[in-house]
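J.: My questions all concern the structure below.
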Amino acid sequence: MRSDMIKKGLERTPHRALLKGTGVPQSEMDKPFIGVATSFTDLIPGHVGMRDLERFIEKGIHTGGGYAFFFGIPGVCDGISMGHKGMHYSLPTRELIADMVESVAEAHRLDGLVLLTNCDKITPGMLMAAARLDIPCIVVTAGPMMSGRGEAGRKYSFVTDTFEAMARYKAGVIDEKELKVCEDNACPGMGSCQGLFTANTMAILTETLGMSLPRCGTALAVSALKRRIAFASGERIVDLVRNNVTPRSILTRAAFENAIRVDLALGGSSNTVLHLLAIAHEAGVELPLETFDILAKETPQLASMNPAGEYFMEDLDAAGGVAGVLMQLGDKIKDNPTVMGMTTLQLAASIANVDEAVIHPLTDPVKKEGGIAILFGNLAPKGAVVKQSGVSEAMMKFIGTARCFNSEEAAMAALMDGNIKAGDLVVIRYEGPKGGPGMREMLAPTAALMGLGLGDSVALITDGRFSGGTRGPCIGHISPEAAEGGPIALVEDGDRIELDIPDRRLELLVDEQTLSERRARWQAPEPKIKTGWLARYAKVVTSAYTGAVMSAD
């Protein structure tokens, strides 16, 4: 065992003394040492219930014959950090988390890891660490929140309803009482945000990849099932250590293709493009950005999930969960091993019934194509991402007049002041991985567009990214980004921009001579943040089309 390096032999007498100083009995020294990387914090609804899950994981580890050690990992809530300086830190924490898990596991020669996670960047950070370390690992996602409840049984979604309510109140569509009812009822308790936003999409994809136990991706945070899954995960990690089942034997090209197909079938968050690219990078799996679009054209959308649709995570779980989606996708899914021991196809075959009102069959899809599309053109030579499942038919093709803003705040002010009109195309730039830095989510302006009733007449493009709660004609991840001199930096107010999602094009309708003249005049702006972690991050982070991973060069 790896842990023998810190507990066996004469030379390790000081190491054993330190371990005994923590309370480890001599009788436990021959057992596998299992680290539990926990992202508990009482700052985030998605993580506030983890203390309970920690207990069940620990019980499972000891039942399985291992010895558990806990260590902490930071958790940032994208909702709380949204719309201000805090959002600069969200995506970079993914890299910090991967580095921290790696550091603790390697420094203490842990035999295996249980990765307790839930929210947006924490789950991919944990998976990146698992792929990088390639020691036995199992992921426990803490589970989604129940939908909120309002008057007359109305269901509330935190992300969609609260952010859009701000603009609706500003526009006079709702009054202060309705706003307060939404605020008070949108989050009824612990768990990740209720729809198919980034956290829940990543939990589902973690199960699809084979890195968590069946039902883990959809079992509600408040459920007894989630606790049983936590216990079983603790027990299972000891078996994985004894049999040396490591993440890279599970995270194959087939696993990533399966995850992309499930994402497309459910209409998941566009952030998953960044995260799957980054996890594949750590696993040594070649996964070009174009793969998402190739699979989207042959994988129909099978579910209508909130925010663009009517169903919540509780509905998906009851309808069959991940296994139900795999079953409905049929021969589009490739067989692959999982941490459970059963293969992906065995998991799909394990479910008896699927509620086809929620998870449609291939013969009756919600939409003919998957939920995400990759666009290219002279405005995005290396690609851009759109969650096409959230775009109305009226906006699948659009030509608009550019309104340029060099920050999210400037665009948000223009929206809330009523300065954006039908036919405009909002351009938010210098918000990419380097330029932001941190590639902030543009949920506030996209929610304002919808709340102001502009979702069928105004589009938005950015080198930043979007929340899983974003819906509407919003194109992100434009690469190269403005801070690297990408074409989005050359757009001027009044330019015409063509968006054609069916044809996968994003074009700036300006002649090449004019663009060459603008390019010659362009100068990179001063960094927005010059000190601290983010200043270092901006120097080494790569482009969105590579997953915004940090360069080792």
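Each residue, glycine too, has its Cβ placed from N, Cα and C.
Residues annotated as active site, proton acceptor in Swiss-Prot: SER467. Marked as Mg(2+) binding site by Swiss-Prot: ASP78, ASP120, LYS121, GLU441. The [2Fe-2S] cluster binding site annotation in Swiss-Prot covers CYS119, CYS193. Annotation comment: Swiss-Prot describes LYS121 as N6-carboxylysine, evidence class sequence analysis.
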J.: Enter the number of other CB atoms within 10 angstroms of the CB of the residue listed as 'active site, proton acceptor'.
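T.: Neighbour count, Cβ to Cβ under the 10 Å cut-off: 28.
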J.: Please compare the binding-site residues CYS119, CYS193 by how many other CB atoms fall within 10 Å of each one's CB, and tell me which has the fewest.
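T.: If we count Cβ atoms within 10 Å for the binding-site residues CYS119, CYS193, the smallest count is at CYS119.
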J.: An 8 Å radius from the center of the ASP78, ASP120, LYS121, GLU441 Cβ atoms defines the neighbourhood of the Mg(2+) site; name the other residues of that chain inside it, in order.
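T.: Not counting the recorded site residues, we get VAL76, SER81, MET87, SER90, LEU91, CYS119, THR198, ALA199, ASN271, SER467.
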J.: What's the CA to CA span in angstrom from GLU441 (Mg(2+) binding site) over to CYS193 ([2Fe-2S] cluster binding site)?
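T.: So the alpha carbons of GLU441 (Mg(2+) binding site) and CYS193 ([2Fe-2S] cluster binding site) sit roughly 16 Å from each other.
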J.: Show which residues of the chain containing LYS121 (Mg(2+) binding site), separated from it by at least 6 in sequence, have their CB under 8 Å from its CB.
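T.: When sequence neighbours closer than 6 are ignored, LYS121 (Mg(2+) binding site) has VAL76, ASP78, SER90, LEU91, THR93, ARG94, ILE97 within Cβ distance under 8 Å.
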J.: Cα of ASP120 (Mg(2+) binding site) to Cα of CYS193 ([2Fe-2S] cluster binding site): how many Å, rounded?
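T.: Cα-Cα, rounded: 10 Å.
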J.: Could you tell me which of these binding-site residues, ASP78, ASP120, GLU441, has the greatest number of Cβ atoms within 10 Å of its own Cβ?
T.: ASP120
J.: Distance check, please: Cα of CYS119 ([2Fe-2S] cluster binding site) against Cα of SER467 (active site, proton acceptor), rounded to an integer number of angstrom.
T.: 12
